[in-house]
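Input: a single structure, listed below in C-alpha coordinates.
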Amino acid sequence: FSDVLALPIFKQEDSSLPQENETKHPPFQYVMCAATSPAVKLYDETLTYLNQGQSYEIRMLDNRKAGDIPEINGKLVKSIIRVVFHDRRLQYTEHQQLEGWKWNRPGDRLLDLDIPMSVGVIDIKTNPSQLNAVEFLWDPTKCTSAFIQVHCISTEFTPRKHGGEKGVPFRIQVDTFKQTENGEYTDHLHSASCQIKVFKPKGADRKQKTDREKMEKRTAHEKEKYQPSYDTTVLTECSPWPDTPTTFVNNSPTPAPTFTSAQHNTYSVPDSNSSSPNHQGDGTSQGSGDLHPSATIQETQQWLLKHRFSTYTRLFSNFSGADLLKLTREDLVQICGPADGIRLYNALKSRSVRPRLTIYVCQEPLRSIELERQDAGNGDSSNGAIYVYHAIYLEEMAASEVTRKLALAFNIPLHQINQVYRQGPTGIHILVSDQMVQNFQDESCFLFTTIKAENGEGFHIILK
(Lines of atoms letter the chains of each structure in order from A and count residues from 1; the text may use other names and numbers.)
(Lines give C-alpha, C1' and ligand atoms only; values in the text may rest on other atoms or scores of the structure.)
Protein backbone atom coordinates (compact mmCIF):
# COMPACT_ATOMS: atom_id res chain seq x y z
CA PHE A 1 0.00 0.00 0.00
CA SER A 2 2.94 2.32 0.64
CA ASP A 3 3.90 1.89 -3.02
CA VAL A 4 0.42 2.96 -4.06
CA LEU A 5 0.64 6.08 -1.89
CA ALA A 6 3.91 6.91 -3.59
CA LEU A 7 2.22 7.16 -7.01
CA PRO A 8 2.53 10.59 -8.62
CA ILE A 9 -1.16 11.48 -8.36
CA PHE A 10 -1.15 11.07 -4.57
CA LYS A 11 2.07 13.03 -4.32
CA GLN A 12 0.58 15.95 -6.19
CA GLU A 13 -2.51 16.12 -4.02
CA ASP A 14 -0.43 17.23 -1.04
CA SER A 15 2.26 19.05 -3.02
CA SER A 16 1.01 22.37 -1.65
CA LEU A 17 2.01 21.37 1.88
CA PRO A 18 5.46 22.55 2.96
CA GLN A 19 7.92 19.74 3.51
CA GLU A 20 11.24 19.61 5.25
CA ASN A 21 14.32 19.60 3.06
CA GLU A 22 12.10 20.33 0.05
CA THR A 23 14.20 21.49 -2.88
CA LYS A 24 12.60 24.56 -4.36
CA HIS A 25 15.05 24.53 -7.24
CA PRO A 26 14.79 21.19 -9.10
CA PRO A 27 17.99 19.95 -10.74
CA PHE A 28 16.28 19.21 -14.06
CA GLN A 29 13.31 20.40 -16.03
CA TYR A 30 11.39 18.51 -18.70
CA VAL A 31 9.32 20.44 -21.24
CA MET A 32 7.01 18.67 -23.71
CA CYS A 33 6.39 20.58 -26.93
CA ALA A 34 2.60 20.24 -26.95
CA ALA A 35 0.05 22.91 -26.03
CA THR A 36 -1.99 22.67 -22.82
CA SER A 37 -5.77 22.78 -22.91
CA PRO A 38 -7.45 26.16 -22.23
CA ALA A 39 -10.43 24.41 -20.58
CA VAL A 40 -8.63 23.67 -17.30
CA LYS A 41 -9.64 25.47 -14.12
CA LEU A 42 -7.18 27.82 -12.48
CA TYR A 43 -5.90 25.58 -9.69
CA ASP A 44 -6.21 22.24 -11.48
CA GLU A 45 -3.32 20.40 -13.08
CA THR A 46 -2.68 21.14 -16.74
CA LEU A 47 -4.06 18.75 -19.38
CA THR A 48 -2.39 18.16 -22.72
CA TYR A 49 -3.93 16.45 -25.74
CA LEU A 50 -1.76 14.15 -27.90
CA ASN A 51 -2.38 12.35 -31.18
CA GLN A 52 -1.86 8.60 -31.24
CA GLY A 53 1.49 7.66 -32.78
CA GLN A 54 2.63 11.26 -33.35
CA SER A 55 6.15 12.21 -32.24
CA TYR A 56 6.31 14.81 -29.46
CA GLU A 57 9.54 16.38 -28.23
CA ILE A 58 10.45 16.32 -24.55
CA ARG A 59 13.35 18.69 -23.87
CA MET A 60 15.65 17.49 -21.10
CA LEU A 61 17.06 20.62 -19.43
CA ASP A 62 19.82 20.99 -16.84
CA ASN A 63 18.33 23.33 -14.22
CA ARG A 64 21.07 23.12 -11.60
CA LYS A 65 22.58 26.12 -9.91
CA ALA A 66 26.34 26.40 -9.53
CA GLY A 67 27.51 23.77 -7.06
CA ASP A 68 24.33 21.65 -7.20
CA ILE A 69 24.95 17.89 -7.46
CA PRO A 70 28.62 18.26 -8.46
CA GLU A 71 29.07 14.48 -8.57
CA ILE A 72 27.32 14.28 -11.97
CA ASN A 73 29.53 16.92 -13.60
CA GLY A 74 31.04 15.41 -16.72
CA LYS A 75 28.95 12.24 -16.31
CA LEU A 76 25.84 10.79 -17.89
CA VAL A 77 22.51 10.34 -16.13
CA LYS A 78 19.73 7.89 -16.93
CA SER A 79 16.11 8.82 -17.51
CA ILE A 80 13.12 6.48 -17.77
CA ILE A 81 10.04 7.84 -19.54
CA ARG A 82 6.73 6.12 -18.82
CA VAL A 83 3.12 6.48 -19.84
CA VAL A 84 1.03 5.49 -16.81
CA PHE A 85 -2.53 5.85 -15.56
CA HIS A 86 -3.78 9.00 -13.87
CA ASP A 87 -6.95 7.55 -12.30
CA ARG A 88 -6.68 5.78 -8.95
CA ARG A 89 -8.99 3.00 -10.05
CA LEU A 90 -6.74 2.13 -12.98
CA GLN A 91 -3.55 2.53 -10.94
CA TYR A 92 -4.70 -0.30 -8.66
CA THR A 93 -5.25 -2.62 -11.65
CA GLU A 94 -2.47 -1.36 -13.91
CA HIS A 95 -0.99 -4.79 -14.61
CA GLN A 96 -4.36 -6.29 -15.60
CA GLN A 97 -5.17 -3.26 -17.76
CA LEU A 98 -1.86 -3.45 -19.63
CA GLU A 99 -2.13 -7.22 -20.10
CA GLY A 100 -5.60 -6.72 -21.59
CA TRP A 101 -4.27 -4.04 -23.93
CA LYS A 102 -1.40 -6.31 -24.96
CA TRP A 103 -3.88 -9.11 -25.74
CA ASN A 104 -5.93 -6.81 -27.99
CA ARG A 105 -2.86 -5.21 -29.62
CA PRO A 106 -0.30 -8.06 -29.94
CA GLY A 107 3.16 -6.93 -30.92
CA ASP A 108 2.50 -3.23 -30.19
CA ARG A 109 4.01 -0.99 -27.51
CA LEU A 110 2.21 1.69 -25.51
CA LEU A 111 5.24 3.99 -25.67
CA ASP A 112 8.06 4.27 -28.20
CA LEU A 113 11.02 6.58 -28.68
CA ASP A 114 11.37 8.13 -32.12
CA ILE A 115 15.11 7.46 -32.36
CA PRO A 116 15.85 9.30 -35.67
CA MET A 117 14.21 12.48 -34.33
CA SER A 118 15.77 12.36 -30.84
CA VAL A 119 18.93 14.33 -30.05
CA GLY A 120 21.60 13.61 -27.42
CA VAL A 121 20.12 10.34 -26.16
CA ILE A 122 22.54 7.42 -25.75
CA ASP A 123 22.15 3.68 -25.11
CA ILE A 124 18.39 3.61 -25.72
CA LYS A 125 16.80 0.53 -24.15
CA THR A 126 13.36 -1.03 -23.86
CA ASN A 127 12.03 -4.00 -21.94
CA PRO A 128 9.72 -6.47 -23.73
CA SER A 129 7.71 -6.90 -20.52
CA GLN A 130 7.47 -3.11 -19.93
CA LEU A 131 5.53 -1.92 -22.97
CA ASN A 132 4.91 1.50 -21.41
CA ALA A 133 8.51 2.54 -20.67
CA VAL A 134 11.73 3.51 -22.46
CA GLU A 135 15.09 4.42 -20.93
CA PHE A 136 18.24 6.16 -22.14
CA LEU A 137 21.39 7.93 -20.97
CA TRP A 138 22.05 11.63 -21.59
CA ASP A 139 24.55 14.35 -20.77
CA PRO A 140 22.94 17.22 -18.80
CA THR A 141 25.47 19.71 -20.21
CA LYS A 142 24.43 19.02 -23.81
CA CYS A 143 21.27 19.73 -25.78
CA THR A 144 19.00 16.71 -25.32
CA SER A 145 15.55 16.05 -26.76
CA ALA A 146 13.63 12.78 -26.58
CA PHE A 147 10.79 12.39 -29.09
CA ILE A 148 8.09 10.06 -27.76
CA GLN A 149 5.16 8.32 -29.45
CA VAL A 150 2.15 7.16 -27.43
CA HIS A 151 0.26 4.37 -29.18
CA CYS A 152 -2.57 3.72 -26.71
CA ILE A 153 -5.64 5.98 -26.83
CA SER A 154 -7.65 7.10 -23.83
CA THR A 155 -10.87 5.36 -24.84
CA GLU A 156 -9.19 1.92 -24.92
CA PHE A 157 -9.38 1.76 -21.12
CA THR A 158 -12.97 2.92 -20.62
CA PRO A 159 -15.81 0.46 -19.80
CA ARG A 160 -17.42 1.22 -23.15
CA LYS A 161 -15.31 2.32 -26.08
CA HIS A 162 -18.15 4.10 -27.90
CA GLY A 163 -21.40 5.92 -27.21
CA GLY A 164 -19.76 9.14 -26.06
CA GLU A 165 -17.80 7.55 -23.23
CA LYS A 166 -14.99 9.90 -22.14
CA GLY A 167 -11.45 8.61 -22.39
CA VAL A 168 -9.26 8.16 -19.33
CA PRO A 169 -6.32 10.50 -18.70
CA PHE A 170 -2.76 9.21 -18.65
CA ARG A 171 0.43 10.62 -17.20
CA ILE A 172 3.79 11.07 -18.87
CA GLN A 173 6.43 10.65 -16.15
CA VAL A 174 10.20 11.11 -16.35
CA ASP A 175 12.44 9.63 -13.62
CA THR A 176 16.15 10.50 -13.65
CA PHE A 177 18.94 8.64 -11.86
CA LYS A 178 22.67 9.01 -11.36
CA GLN A 179 25.27 6.28 -11.35
CA THR A 180 26.18 4.55 -8.09
CA GLU A 181 29.64 3.34 -7.08
CA ASN A 182 28.94 -0.11 -8.53
CA GLY A 183 28.13 1.42 -11.92
CA GLU A 184 24.32 1.02 -11.83
CA TYR A 185 21.98 3.94 -12.45
CA THR A 186 19.75 3.47 -9.40
CA ASP A 187 20.41 6.64 -7.33
CA HIS A 188 17.27 8.77 -7.81
CA LEU A 189 17.76 12.43 -8.67
CA HIS A 190 14.49 13.87 -9.93
CA SER A 191 10.99 12.97 -11.17
CA ALA A 192 8.33 15.00 -12.94
CA SER A 193 5.09 14.26 -14.78
CA CYS A 194 2.15 15.80 -16.61
CA GLN A 195 -1.43 14.79 -17.39
CA ILE A 196 -2.35 13.86 -20.96
CA LYS A 197 -5.18 12.44 -23.02
CA VAL A 198 -4.47 10.56 -26.23
CA PHE A 199 -6.78 10.67 -29.25
CA LYS A 200 -6.84 8.98 -32.61
CA PRO A 201 -4.75 10.81 -35.27
CA LYS A 202 -5.87 14.47 -35.63
CA GLY A 203 -8.30 14.00 -32.72
CA ALA A 204 -6.13 16.02 -30.33
CA ASP A 205 -6.13 18.98 -32.74
CA ARG A 206 -9.92 18.88 -33.00
CA LYS A 207 -10.32 18.63 -29.21
CA GLN A 208 -7.94 21.57 -28.66
CA LYS A 209 -9.93 23.63 -31.17
CA THR A 210 -13.24 22.68 -29.49
CA ASP A 211 -11.94 23.71 -26.05
CA ARG A 212 -10.67 27.00 -27.42
CA GLU A 213 -14.02 27.78 -29.08
CA LYS A 214 -15.85 26.98 -25.82
CA MET A 215 -13.62 29.34 -23.88
CA GLU A 216 -14.13 32.13 -26.40
CA LYS A 217 -17.88 31.93 -25.77
CA ARG A 218 -17.47 32.44 -22.02
CA THR A 219 -17.72 35.83 -20.37
CA ALA A 220 -14.61 37.64 -19.15
CA HIS A 221 -15.56 36.84 -15.54
CA GLU A 222 -15.87 33.09 -16.30
CA LYS A 223 -12.57 33.11 -18.19
CA GLU A 224 -10.79 34.27 -15.04
CA LYS A 225 -11.57 30.90 -13.44
CA TYR A 226 -9.55 29.08 -16.12
CA GLN A 227 -5.84 29.06 -16.77
CA PRO A 228 -4.53 30.15 -20.16
CA SER A 229 -3.30 27.67 -22.75
CA TYR A 230 0.48 27.46 -23.06
CA ASP A 231 2.38 26.41 -26.18
CA THR A 232 4.43 23.89 -24.20
CA THR A 233 3.77 21.63 -21.22
CA VAL A 234 6.16 21.84 -18.26
CA LEU A 235 6.26 18.59 -16.31
CA THR A 236 5.74 19.20 -12.57
CA GLU A 237 7.75 17.53 -9.83
CA CYS A 238 6.43 14.32 -8.32
CA SER A 239 7.64 11.30 -6.38
CA PRO A 240 9.57 8.61 -8.28
CA TRP A 241 7.57 5.83 -9.85
CA PRO A 242 7.54 2.77 -7.54
CA ASP A 243 9.06 0.62 -10.29
CA THR A 244 12.60 1.92 -9.85
CA PRO A 245 15.38 0.48 -12.02
CA THR A 246 16.25 -1.97 -9.22
CA THR A 247 13.26 -3.95 -10.43
CA PHE A 248 15.29 -4.90 -13.48
CA VAL A 249 18.42 -5.89 -11.57
CA ASN A 250 18.84 -9.38 -10.10
CA ASN A 251 16.25 -8.88 -7.37
CA SER A 252 13.56 -10.97 -8.98
CA PRO A 253 13.25 -14.60 -7.86
CA THR A 254 12.18 -15.61 -11.35
CA PRO A 255 14.17 -15.12 -14.55
CA ALA A 256 12.64 -11.76 -15.49
CA PRO A 257 13.84 -10.20 -18.75
CA THR A 258 16.10 -7.19 -18.30
CA PHE A 259 16.23 -4.03 -20.37
CA THR A 260 17.82 -4.80 -23.71
CA SER A 261 19.07 -2.59 -26.48
CA ALA A 262 16.33 -1.10 -28.60
CA GLN A 263 18.12 -2.11 -31.77
CA HIS A 264 17.88 -5.79 -30.76
CA ASN A 265 14.52 -5.70 -29.04
CA THR A 266 12.38 -5.85 -32.15
CA TYR A 267 14.73 -7.27 -34.74
CA SER A 268 16.75 -10.35 -33.82
CA VAL A 269 19.12 -11.88 -36.36
CA PRO A 270 19.94 -15.47 -35.41
CA ASP A 271 23.32 -17.02 -36.10
CA SER A 272 23.49 -18.60 -39.53
CA ASN A 273 24.03 -21.99 -37.94
CA SER A 274 20.97 -21.85 -35.73
CA SER A 275 18.57 -22.79 -38.51
CA SER A 276 20.73 -25.50 -40.01
CA PRO A 277 19.68 -29.10 -39.56
CA ASN A 278 23.31 -29.94 -38.73
CA HIS A 279 23.83 -27.14 -36.24
CA GLN A 280 26.41 -28.17 -33.69
CA GLY A 281 27.47 -24.79 -32.35
CA ASP A 282 26.23 -25.34 -28.80
CA GLY A 283 27.38 -28.92 -28.58
CA THR A 284 23.84 -30.31 -28.73
CA SER A 285 21.88 -31.74 -31.59
CA GLN A 286 18.87 -30.02 -33.07
CA GLY A 287 16.63 -32.81 -31.88
CA SER A 288 17.44 -32.15 -28.24
CA GLY A 289 15.76 -28.74 -28.61
CA ASP A 290 12.32 -30.27 -29.18
CA LEU A 291 9.61 -29.65 -26.58
CA HIS A 292 8.08 -32.98 -25.56
CA PRO A 293 4.46 -33.39 -24.40
CA SER A 294 5.76 -34.89 -21.14
CA ALA A 295 7.71 -31.71 -20.30
CA THR A 296 6.87 -30.27 -16.88
CA ILE A 297 5.96 -26.62 -16.29
CA GLN A 298 9.54 -25.87 -15.23
CA GLU A 299 10.99 -27.64 -18.28
CA THR A 300 8.59 -25.73 -20.51
CA GLN A 301 9.76 -22.44 -18.99
CA GLN A 302 13.38 -23.42 -19.62
CA TRP A 303 12.53 -24.33 -23.22
CA LEU A 304 10.93 -20.90 -23.78
CA LEU A 305 13.98 -19.14 -22.37
CA LYS A 306 16.40 -21.23 -24.44
CA HIS A 307 14.53 -20.45 -27.65
CA ARG A 308 14.37 -16.66 -27.04
CA PHE A 309 10.73 -16.50 -25.87
CA SER A 310 11.53 -14.99 -22.44
CA THR A 311 8.86 -12.32 -23.02
CA TYR A 312 6.15 -14.98 -22.78
CA THR A 313 7.41 -17.03 -19.82
CA ARG A 314 5.02 -15.21 -17.50
CA LEU A 315 2.11 -15.61 -19.89
CA PHE A 316 2.75 -19.38 -20.14
CA SER A 317 3.77 -19.76 -16.48
CA ASN A 318 1.25 -22.59 -15.87
CA PHE A 319 1.66 -24.39 -19.22
CA SER A 320 3.17 -27.85 -19.45
CA GLY A 321 4.68 -29.16 -22.68
CA ALA A 322 1.41 -30.82 -23.64
CA ASP A 323 -0.56 -27.59 -22.99
CA LEU A 324 1.74 -25.56 -25.24
CA LEU A 325 1.80 -28.15 -28.02
CA LYS A 326 -2.03 -28.22 -28.12
CA LEU A 327 -2.16 -24.57 -29.20
CA THR A 328 -2.80 -24.04 -32.90
CA ARG A 329 -0.97 -21.61 -35.13
CA GLU A 330 -3.96 -19.24 -34.93
CA ASP A 331 -3.95 -19.45 -31.11
CA LEU A 332 -0.26 -18.52 -30.92
CA VAL A 333 -0.64 -15.63 -33.40
CA GLN A 334 -3.49 -14.22 -31.33
CA ILE A 335 -1.55 -14.57 -28.06
CA CYS A 336 1.94 -13.50 -29.17
CA GLY A 337 1.25 -11.42 -32.26
CA PRO A 338 1.97 -12.37 -35.89
CA ALA A 339 5.78 -12.33 -35.73
CA ASP A 340 6.45 -14.13 -32.44
CA GLY A 341 3.37 -16.34 -32.83
CA ILE A 342 4.60 -17.80 -36.11
CA ARG A 343 8.14 -18.12 -34.72
CA LEU A 344 6.87 -19.98 -31.65
CA TYR A 345 4.69 -22.26 -33.79
CA ASN A 346 7.68 -23.15 -36.01
CA ALA A 347 9.87 -23.78 -32.95
CA LEU A 348 7.24 -26.08 -31.40
CA LYS A 349 6.91 -28.03 -34.64
CA SER A 350 10.72 -28.15 -35.03
CA ARG A 351 10.44 -26.65 -38.48
CA SER A 352 13.90 -25.83 -39.80
CA VAL A 353 14.75 -23.53 -42.69
CA ARG A 354 15.13 -25.41 -45.95
CA PRO A 355 18.79 -25.08 -47.03
CA ARG A 356 19.55 -23.44 -50.37
CA LEU A 357 22.24 -26.01 -51.11
CA THR A 358 23.26 -29.41 -49.71
CA ILE A 359 26.67 -30.99 -50.24
CA TYR A 360 28.07 -34.25 -48.89
CA VAL A 361 31.64 -34.31 -47.63
CA CYS A 362 33.89 -37.12 -46.45
CA GLN A 363 37.41 -36.83 -45.03
CA GLU A 364 39.85 -38.90 -47.08
CA PRO A 365 41.63 -41.60 -45.05
CA LEU A 366 45.32 -41.13 -44.39
CA ARG A 367 46.10 -44.27 -46.42
CA SER A 368 47.12 -43.21 -49.90
CA ILE A 369 46.75 -46.42 -51.83
CA GLU A 370 45.89 -45.55 -55.39
CA LEU A 371 43.16 -48.18 -55.62
CA GLU A 372 41.38 -46.72 -52.59
CA ARG A 373 41.56 -43.26 -54.09
CA GLN A 374 40.00 -44.46 -57.32
CA ASP A 375 37.18 -46.23 -55.50
CA ALA A 376 36.52 -43.40 -53.07
CA GLY A 377 34.16 -41.62 -55.45
CA ASN A 378 31.94 -44.70 -55.54
CA GLY A 379 31.63 -44.86 -51.76
CA ASP A 380 33.39 -48.19 -51.26
CA SER A 381 36.80 -49.79 -51.76
CA SER A 382 38.23 -53.15 -52.69
CA ASN A 383 39.01 -53.95 -49.07
CA GLY A 384 35.48 -53.09 -47.93
CA ALA A 385 36.28 -49.75 -46.25
CA ILE A 386 33.18 -47.60 -45.61
CA TYR A 387 33.37 -43.91 -46.43
CA VAL A 388 31.09 -41.92 -44.11
CA TYR A 389 29.87 -38.63 -45.55
CA HIS A 390 28.56 -35.63 -43.59
CA ALA A 391 25.73 -33.50 -44.96
CA ILE A 392 26.60 -29.79 -45.08
CA TYR A 393 23.57 -27.51 -45.37
CA LEU A 394 24.24 -24.04 -46.79
CA GLU A 395 21.98 -21.00 -46.44
CA GLU A 396 24.39 -18.15 -47.17
CA MET A 397 26.03 -19.76 -50.21
CA ALA A 398 29.40 -18.27 -49.22
CA ALA A 399 32.91 -19.72 -49.07
CA SER A 400 33.22 -18.63 -45.43
CA GLU A 401 30.11 -20.68 -44.60
CA VAL A 402 31.64 -23.77 -46.20
CA THR A 403 34.80 -23.30 -44.12
CA ARG A 404 32.86 -22.76 -40.90
CA LYS A 405 30.59 -25.76 -41.36
CA LEU A 406 33.43 -28.06 -42.37
CA ALA A 407 35.15 -27.10 -39.12
CA LEU A 408 31.95 -27.84 -37.17
CA ALA A 409 31.23 -31.15 -38.89
CA PHE A 410 34.75 -32.55 -38.51
CA ASN A 411 35.73 -30.87 -35.20
CA ILE A 412 38.54 -28.88 -36.81
CA PRO A 413 39.65 -25.63 -35.08
CA LEU A 414 38.37 -22.92 -37.39
CA HIS A 415 41.37 -20.63 -36.83
CA GLN A 416 43.72 -23.34 -38.15
CA ILE A 417 42.06 -23.48 -41.60
CA ASN A 418 43.89 -21.07 -43.91
CA GLN A 419 42.27 -21.72 -47.29
CA VAL A 420 39.80 -24.11 -48.91
CA TYR A 421 40.66 -25.26 -52.43
CA ARG A 422 38.89 -27.43 -54.98
CA GLN A 423 41.00 -29.83 -57.01
CA GLY A 424 40.58 -29.08 -60.69
CA PRO A 425 41.75 -30.59 -63.98
CA THR A 426 45.28 -32.06 -63.96
CA GLY A 427 45.27 -31.76 -60.16
CA ILE A 428 45.44 -27.94 -59.95
CA HIS A 429 44.15 -26.25 -56.77
CA ILE A 430 41.37 -23.67 -57.33
CA LEU A 431 40.51 -21.29 -54.50
CA VAL A 432 36.92 -21.82 -53.36
CA SER A 433 35.16 -18.45 -53.75
CA ASP A 434 31.57 -17.32 -53.14
CA GLN A 435 30.89 -17.55 -56.86
CA MET A 436 32.18 -21.12 -56.99
CA VAL A 437 29.95 -22.13 -54.07
CA GLN A 438 26.93 -20.55 -55.78
CA ASN A 439 27.65 -22.78 -58.80
CA PHE A 440 27.93 -26.03 -56.84
CA GLN A 441 25.35 -28.59 -57.93
CA ASP A 442 22.90 -29.56 -55.21
CA GLU A 443 23.84 -32.81 -53.41
CA SER A 444 27.38 -32.82 -54.80
CA CYS A 445 29.81 -35.26 -53.13
CA PHE A 446 33.35 -34.31 -52.11
CA LEU A 447 36.29 -36.05 -50.55
CA PHE A 448 38.63 -33.70 -48.77
CA THR A 449 42.15 -33.92 -47.53
CA THR A 450 44.34 -31.53 -45.57
CA ILE A 451 47.85 -30.31 -46.38
CA LYS A 452 50.12 -28.26 -44.19
CA ALA A 453 50.39 -24.55 -44.99
CA GLU A 454 53.60 -23.26 -46.57
CA ASN A 455 54.49 -21.20 -43.49
CA GLY A 456 53.93 -24.16 -41.20
CA GLU A 457 51.00 -22.45 -39.40
CA GLY A 458 47.65 -24.15 -39.92
CA PHE A 459 46.67 -26.09 -43.04
CA HIS A 460 44.66 -25.97 -46.24
CA ILE A 461 41.61 -28.09 -47.12
CA ILE A 462 41.38 -29.55 -50.63
CA LEU A 463 37.99 -30.70 -51.92
CA LYS A 464 38.15 -33.46 -54.53
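Every residue gets a Cβ built from N, Cα and C, even glycine.
Here the compositional bias 'Basic and acidic residues' (202-226) has long-range neighbours at 35, 37-42, 49-52, 54, meaning same-chain residues at least 6 beyond its ends whose C-beta is under 8 angstroms from one of its own. The compositional bias 'Basic and acidic residues' feature in TrEMBL is assigned to 202-226.
Residues or ranges marked as compositional bias 'Polar residues' in TrEMBL: 244-288.
Residues annotated as domain 'Grh/CP2 DB' in TrEMBL: 24-261. On the 0 to 100 pLDDT scale, the model's mean across the domain 'Grh/CP2 DB' (24-261) is 83.
What TrEMBL records for 200-231 (among others) is region 'Disordered'. Counting residues of the region 'Disordered' (200-231) by DSSP class, helix then strand then coil, yields 19 helix, 1 strand, 12 coil.
Here TrEMBL flags 244-293 (among others) as region 'Disordered'.
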